[in-house]
Amino acid sequence: MGMGAVAASREDEEAKKMEAGGDTIGKNLDAGALFVLQSKGSWLHCGYHLTTSIVAPPLLSLPFAFAALGWTAGIICLVIGAAVTFYSYNLISRVLEHHAQQGRRQLRFRDMATDILGPGWGKYYIGPIQFLVCFGAVIACILLAGQSMKAIYLLANPGGTIKLYVFVAIFGVFMMTLAQLPSFHSLRHVNLISLLLCLAYSFCAVAGSIYLGNSDKAPPKDYSITGDAKNRVFGVFNAIAVIATTYGNGIIPEIQATVAAPVTGKMFRGLCLCYAVVITTFFSVAISGYWAVGNQAQGTLLSNFMVDGAAVIPEWLLLITQLFTLLQLSAVGVVYLQPTNEVLEGLCSDAKQGQYAARNVVPRLASRTVAVAAATTVAAMVPFFGDMNSLIGAFGFLPLDFAVPAVFYNVTFKPSKKGVVFWLNTTIAVVFSALAVIASVAAVRQIALDAKTYKLFANV
């Protein structure tokens, strides 16, 4: 029997064990893995999940990153970000497939860290960092959605007086409903719609940029980098953190966990689908947006489409762009809620009873509602969360998505130290770990500079 047949046989056995509620190390799965990370999906579903988690409204901040980098450095960083993350996500997938073929399928990022690096890494580093990154993303999605709702409201009712926190609370209630979808796999149709929405608002943003860039309402096309030498240096590292956060994922193992066994090759096809959308949207929005507004790019491109409360592109175009963005944020938020759901399910549910037994449904409903309520409260109280999210991105996404995959691969496969793979992975791990530290310092500095403008429940 060939090695391929042996691997396939092992994966078939693994699938049967998981269907029976057992993992691949001979232990029973906890309720979080059994109920939330159900392994029933295809590579297409995997692609939908990947696209929703990566191609999200933060891509509208790419022109802002370009303003701190300039044309050449901006495009180079965007290309490097695409190449390194595609490579790194494939490394994680290869490691996961290898362990699955050995009869040890890992379903969570912290499981990988525990199995490969030791229990301390999973419990005290990867687990907490992933939770902070993902829950921070949920808060950011709720805040951004509230801002989109307010922008739509002001387009329809200029001079309206409803405060931002009201819109944040309204969206939070909607998120509480969406959060009750029982498993990651149950989001597959939501995430297909999300994929179409991200293409839609990206094309609208490009159209808006082209319109603005050719109109007399556009700011002067100045592509020089502003500020003194110190501010320029910190600006570069802030821009790198923005790009890293835009490409960031942080839940690759959990997404691969949704794929039905045998898993071999499915994640790669899902990534190819995802990165076809990534390249189409990221580069078009970044280049067209920076071309239109130059170094006047604001934190999100949509802010450049309004000046003094008035739209500088056709109102209908701005309205549908905001609407598509708002709708996709609901999908992105619920995707990044899955690690929290998995932890809560593991703590509150009984794996020996059915997923829809009253014993499990009531705690699920209560715990997920409380989690979303907590995220909504933070989003409403701290509308300057974007600065803090930059710190979370620098401290979380850079190591999780750039450095850690290379370490996992080298420890698992032990490539020759004389080979290219070992040194490429080592270089990626070292360089992006250093960038994570520097970008974290830059993010803390930005928080300190902006602290005087912070106000709880601010109407921004």
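All positions are counted from 1 along the displayed chain.
Each residue, glycine too, has its Cβ placed from N, Cα and C.
Unlike curated entries, TrEMBL annotations are predicted automatically.
What TrEMBL lists as domain 'Amino acid transporter transmembrane' is 40-444.
According to TrEMBL, the feature transmembrane segment maps to 64-89 (among others).
If one looks beyond the transmembrane segment (131-156) by at least 6 residues along the same chain, the residues whose Cβ comes under 8 Å of a Cβ in the stretch are 56-58, 162, 164-165, 167-172, 175, 248, 250-251, 302, 306, 309, 311, 315, 318-319, 322-323, 325-326, 329-330, 332-333, 336-340, 343, 372, 375-376, 378-380, 383, 385-386, 388-389, 392-393, 395-397, 400, 460. What TrEMBL lists as transmembrane segment is 131-156 (among others).
Per TrEMBL, the feature transmembrane segment maps to 162-181 (among others).
Taken from TrEMBL, the feature transmembrane segment covers 193-213 (among others).
Beyond its flanks by at least six residues, the transmembrane segment (233-252) meets 50, 53-54, 58-59, 61-62, 64-69, 73-74, 77-78, 81-82, 85, 89, 92-93, 109, 130, 133-134, 137, 225, 227, 278, 282, 335-336, 338-339, 389-390, 393-394, 396-398, 400-402, 405, 435, 438-439, 441-443, 445-446 of its own chain at Cβ-Cβ distances under 8 Å. Per TrEMBL, transmembrane segment is recorded for 233-252 (among others).
Annotation source TrEMBL lists transmembrane segment at 273-293 (among others).
According to TrEMBL, the transmembrane segment annotation covers 313-337 (among others). Through the fold, the transmembrane segment (313-337) approaches residues 49, 52-53, 56-57, 60, 134-135, 137-138, 141-142, 144-145, 148-149, 151-152, 155, 171, 174-175, 178-179, 181, 184, 187, 190-191, 193-194, 197-198, 200-201, 204-205, 207-208, 211-212, 215, 250-251, 302, 305-306, 368, 371-372 of its own chain, all at least 6 residues removed from its boundaries and within a Cβ separation under 8 Å.
TrEMBL lists 391-409 (among others) with the feature transmembrane segment.
Per TrEMBL, the feature transmembrane segment maps to 421-444 (among others).
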Given the cut-off of 8 Å on Cβ pairs that are 6 or more apart in sequence, determine whether the transmembrane segment (64-89) and the transmembrane segment (193-213) share at least 3 such pairs. no
Select the range from 273-293, 391-409, 421-444 that forms the most Cβ-Cβ pairs under 8 Å with the transmembrane segment (193-213). 273-293
Spatial neighbours of the transmembrane segment (273-293) not adjacent in sequence (6+ beyond its ends, CB under 8 Å) are 43-44, 47, 50-51, 54-55, 59-60, 62-63, 65-67, 71, 74-75, 78, 82, 86, 195, 198-199, 202-203, 205-206, 209-210, 212-213, 218-219, 221, 223, 246-247, 301, 304
Under an 8 Å Cβ to Cβ limit, what residues of the same chain, 6 or more beyond the ends of the transmembrane segment (421-444), are close to it? 84, 87-88, 91, 234, 237-238, 240-241, 244, 387, 390-391, 393-395, 398-399, 402-404, 406-407, 409-410, 415
